[in-house]
Amino acid sequence: MAAIKYRLIKKDSRTNARLGILETPHGIIETPVFMPVGTQATVKSMTPEELKEIGATIILSNTYHLYLRPGHKIIEKAGGLHKFMNWDRAILTDSGGFQVFSLNSLRKITEDGVEFRSHIDGSRHFFTPEKVIEIQNALGSDIMMSFDECAPYPADYDYVKKSMELTIKWAERGKRAHKNTEKQALFGIVQGGTYEDLRKECAQRLVDMDFPGYSIGGLSVGEPKNVMYDIVDLTTEYLPEDKPRYLMGVGSPDDLIEGVIRGVDMFDCVLPTRIARNGTVFTSKGKLIVRDAPYAEDFSPLDEECDCYTCRNYSRAYIRHLFKANEILAARLATIHNLYFLIKLMERIREAIRQDRLLEFKKQFFKKYGYKEEY
């Protein structure tokens, strides 16, 4: 028995957008889907009950951070990540590759794996593809990621080629080490920087290994948006239709719509929660910095068109006051709204695909939000 099952329900007639159902050991997910990020086994400031109320069906957690603190063995003793954090819906864990490679001066890469120093206390650690699988097996997530090297942008061709080869070797090793295939699905991660031939080669070689799903990694790391979209377009072309596709670390409203148009099913990003804590919210008419002075006497909701808990109950003036007073509730209310906005956006995208109106929906959304239709 496979851990997950993807069913393609409908394809958009004018784009590569797909409507699907992803069955996991912890529930059914309608795709395309946005996954809130709970790095430390918590989506910052939100309870699991609140996440359910806003419609989250799957969240993401982070292997690197949970390995360092509290430790995967402790989470395993607790009965796995779902029990530990009291979340009974699906969880996806990333491999920690992106975090380890972000450490730069604190890490050293070999073919065996990566030696790195903890950002918490400077202690030395060594991640191999097998170790990363062992950690994720202990966490018990529904969907796991292979260990990959995330090349920086820009990077020269030879470096990215070596990096891609390493990612493929590590994917093979990780797949061999994965013990719990009936309850946890392991995705391969397509790398290759912004080089089209490397992306194509990496995708084809990973597809030959027959993973239950595929991630597109190494994007949204500083490259221009049109380059990212071109690479996504090219990559999805080489991925099987009957498996889910996940674009890692992408979550602004325009990127979600553009990603779906190019055949992506799953997205995650810290953006909505991070900007919420800084007093910035998404609205149907674009971003709004609620802590700014003009909102001191604005008693309207964050977004007139939103029916989230925050917009039903609180005004811009009140939320601005909370931010100015450094009250914890400010971040909570803004986070609830931002996550609800993106989850609702995905719902509207799915409905647009159902009705074959995705391009019309994009046009209307972009115009109202203030995006230029460049792509």
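Note that Cβ sites are derived from N, Cα and C of the backbone, with glycine treated the same way.
Straight from Swiss-Prot, the features:
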ACT_SITE  D94  active site, proton acceptor
ACT_SITE  D268  active site, nucleophile
BINDING   D94, S95, G96, G97, F98, D148, Q191, G218  substrate binding site
BINDING   C306, C308, C311, H337  Zn(2+) binding site
REGION    249-255  region 'RNA binding'
REGION    273-277  region 'RNA binding'
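Where Swiss-Prot records a feature, it is marked here on the structure.
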| residue | record | contacts (Cβ under 8 Å, 6+ apart) |
| --- | --- | --- |
| D94 | active site, proton acceptor | L60, S61, N62, T63, M145, M248 |
| S95 | substrate binding site | T63, V132, Q136, M144, M145, S146, F147, D148, I189 |
| G96 | substrate binding site | N62, T63, Y64, H65, Y67, F127, V132, I135, F147 |
| G97 | substrate binding site | V132, M145, F147, D148, E149, C150, I189, G217 |
| Q191 | substrate binding site | D148, E149, C150, A151, V160, S163, M164, T167, L198, R199, C202, G217, G218 |
| D268 | active site, nucleophile | F34, M35, P36, V37, L60, L92, Y246, M248, G249, V250, G251 |
| C306 | Zn(2+) binding site | T283, S284, H337, Y340, F341, K344 |
| C308 | Zn(2+) binding site | I54, I336, H337, Y340, F341, K344 |
| C311 | Zn(2+) binding site | P301, L302, D303, H337 |
**Message:** Let me make sure I understand the span of the substrate site: among D94, S95, G96, G97, F98, D148, Q191, G218, what is the greatest distance between any two Cα atoms, in Å?
**Reply:** 15
**Request:** Report the residues of the chain - excluding C306, C308, C311, H337 - with C-beta within 8 Å of the mean position of the site's C-beta atoms, for the recorded Zn(2+) site, in sequence order.
**Result:** P301, L302, D303, D307, Y309, T310, R312, I336, Y340, F341
**Asked** Three-state secondary structure of G96 (substrate binding site) from DSSP?
**Response** coil
**Asked** In sequence order, which residues at least six apart in the same chain have a CB under 8 Å from the CB of F98 (substrate binding site)?
**Response** C150, G217, M248, G249
**Item:** Where D268 (active site, nucleophile) sits in the secondary structure, as DSSP reduces it to three classes
**Value:** strand
**Asked** Relative to the mean position of the Cβ atoms of D94, S95, G96, G97, F98, D148, Q191, G218, the recorded substrate site, which additional same-chain residues have Cβ within 8 Å?
**Response** F101, M145, S146, F147, E149, C150, I189, G217, M248
